[in-house]
Amino acid sequence: MESSRLDDAGLGLGLTAVASVTAADDDSELSRFSRPMLTMAAVLTILVMILGVAGNLLTIVALLRCPRVRNVAAAFIISLCVADLLFCVTVLPFSASRFVHGTWTHGGALCTVVPFMRYGNVGVSLLSIAMITINRYIMIAHYGMYGRVYRTGWIAAMIVFCWLFSYGFQLPTLIGVWGVFGFDPQLGTCSIRPDASGRSSKAALFITAFVVPCVIIIACYARIFWVVHQSEKRMRAHAVGGGGGGSRPGLGAGSGGGGSGAISQRFKPDQRHAREGREMRAKRNEWRITKMVLAIFLSFLCCYLPITIVKVTDPDVRYPGLHVCGYLLLYLSACINPIIYVIMNAQYRQAYRSVLTCHRQRGRMSASTADRGLDGNSKTMVSQVSIAMSPVSLTPGHGIDDDF
């Protein structure tokens with residue numbers, strides 16, 4: 001039987017598998033679809049590939065060139081973009097070819113490399129999203145430790161972990177001791193197959209690289225929204241109950257320094273309003289980033305969850321149409337994130353515009369503005385939450401610098 005030969009040869013499995021492709025063509029899921037449908041799927045895959053390469057490459061260049069958007073979250077977004085870019089370059093061309101030819105036609109070596117890259121990039125993408133979410137969580141809920149955690153060395157270590165874990169987890173499969181990479185005649189493509197002992201790493205990969213990061217992300221966002229909700233309640237109570245005492249600083253100082261008291265009364269409110277305005281603008285920007293990351297995660301679920309559910313619940317491919325639709329949604333995830341950046345963040349739109357128009361001066365001007373917003377008034381959301389959660393007021397200049 002063809003499937004028994006597929007389980008015998010570790011890294012050399014693909015050679016046997018490709019030799020049996022012709023015999024398996026009639027049983028593959030793609031053989032059950034009309035040629036126009038396969039052609040449409042190939043065209044859509046190529047379109048996603050082009051958009052994904054352009055969008056992710058533009059995002060990487062924009063984040064590296066424009067200081068205004070260069071912060072800790074941007075470091076993980078660059079990692080996410082690199083993973084999506086590699087997915088577009090190393091996986092999607094072969095997926096389009098699979099739809100065109102109806103089966104795998106690229107030899108045994110690539111039959112091992114392509115699924116290895118596919119699963120690895122999926123892991124890096126979700127772990128990068130999880131790292132950004134944890135960054136948002138620590139900034140909002142544990143602001144006191146933010147500066148200690150997000151130093152340059154730790155940020156680099158977190159990004160390296162995302163890549164090493166995602167690809168290292170597949171090494172047993174790569175060498176054929178815990179499942180094997182090879183041609184799946186039912187799917188008409190290369191994937192993880194059971195090894196000679198009947199073992200497969202698919203279930204463990206699903207739990208470790210999908211379920212666990214998703215649980216972490218959901219828990220972090222639940223905590224973020226709870227903390228912000230509680231802080232807003234306390235700030236409203238503070239504004240109603242005790243906001244009047246500190247708003248009139250010169251009324252009780254009439255008998256001492258009349259001149260300085262008048263100056264204080266005249267200038268302090270303006271300075272306070274200016275500072276509060278800067279903090280509110282920075283707070284809104286951080287909220288945009290936090291909501292943008294949530295949108296990225298939800299889009300990831302919408303794109304990856306269907307194929308994941310289909311793979312787990314229909315291992316025998318009784319419903320091949322669901323598999324193909326799931327693959328197309330999975331491919332869409334490689335180009336959707338830059339669209340989210342454009343829709344949800346004005347600073348990213350400006351960064352894209354500056355790259356497309358080669359306007360480096362605008363980036364430098366934005367950098368000075370961003371530095372003032374982050375260095376001098378970097379309390380932003382963290383300050384608002386901390387003021388509400390603690391009776392001790394924060395002094396300017398002790399904020400958290402989110403730049404890297």
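Placement of Cβ uses the backbone N, Cα and C atoms for every residue, glycine included.
If one looks beyond the transmembrane segment (40-64) by at least 6 residues along the same chain, the residues whose Cβ comes under 8 Å of a Cβ in the stretch are 33, 70, 74, 77-78, 81-82, 84-85, 87-89, 92-93, 95-97, 99-100, 324, 328, 331-332, 334-335, 337-339, 341, 348, 351-352, 354-356. Taken from TrEMBL, the feature transmembrane segment covers 40-64 (among others).
The domain 'G-protein coupled receptors family 1 profile' annotation in TrEMBL covers 55-341.
Residues of the same chain lying 6 or more positions beyond the ends of the transmembrane segment (71-96) and with a Cβ under 8 Å from any Cβ of it are 42, 45-46, 48-49, 52-53, 56-57, 59-60, 63-64, 104, 106, 110, 113-114, 117-118, 121-122, 124-125, 128-129, 131-132, 135-136, 150, 155, 158-159, 162-163, 189, 289, 293, 296, 327, 331, 333-335, 337-338, 374, 402-404. If you look up TrEMBL, you'll see 71-96 (among others) marked as transmembrane segment.
If you look up TrEMBL, you'll see 116-134 (among others) marked as transmembrane segment. Note on the transmembrane segment (116-134): residues 73, 76-77, 79-80, 82-84, 86-87, 90-91, 158-159, 161-163, 165-167, 169-170, 173-174, 181, 192, 205, 209-210, 213-214, 216-217, 220-221, 293, 296-297, 300, 304, 333 of its chain, located 6 or more positions outside it, place their CB under 8 angstroms from a CB of the stretch.
The feature transmembrane segment is assigned by TrEMBL to 155-183 (among others).
The transmembrane segment annotation in TrEMBL covers 203-226 (among others). Proximity of distant same-chain residues to the transmembrane segment (203-226), defined by a Cβ-Cβ separation under 8 Å and at least 6 residues beyond the stretch ends, is recorded for 119, 122-123, 126-127, 129-130, 133-134, 136-137, 140-141, 166, 169-170, 192, 290, 294, 297, 301, 304, 308, 311-312.
Sequence annotations record features per position, and here TrEMBL assigns region 'Disordered' to 239-279.
What TrEMBL lists as compositional bias 'Gly residues' is 240-261.
Taken from TrEMBL, the feature compositional bias 'Basic and acidic residues' applies to 267-279.
Long-range contacts of the transmembrane segment (289-309) within the same chain, counting only residues at least 6 positions beyond its ends with a Cβ under 8 Å from a Cβ of the stretch, are 73, 80, 122, 125-126, 129, 132-133, 136, 140, 206, 210, 214, 217, 221, 224, 322-323, 325-327, 329-330, 332-333, 336-337, 340-341, 344-345, 381. Sequence annotations record features per position, and here TrEMBL assigns transmembrane segment to 289-309 (among others).
Annotation comment: TrEMBL describes 321-344 (among others) as transmembrane segment.
Within the same chain, residues 29-30, 32-33, 41, 44-45, 48-49, 51-52, 55-56, 58-59, 80-81, 84, 87-88, 92, 95, 125, 187, 288, 291-292, 295-296, 299-300, 302-304, 306-307, 310-311, 314, 352 sit at least 6 positions outside the transmembrane segment (321-344) and bring their C-beta atoms closer than 8 Å to a C-beta of that stretch.
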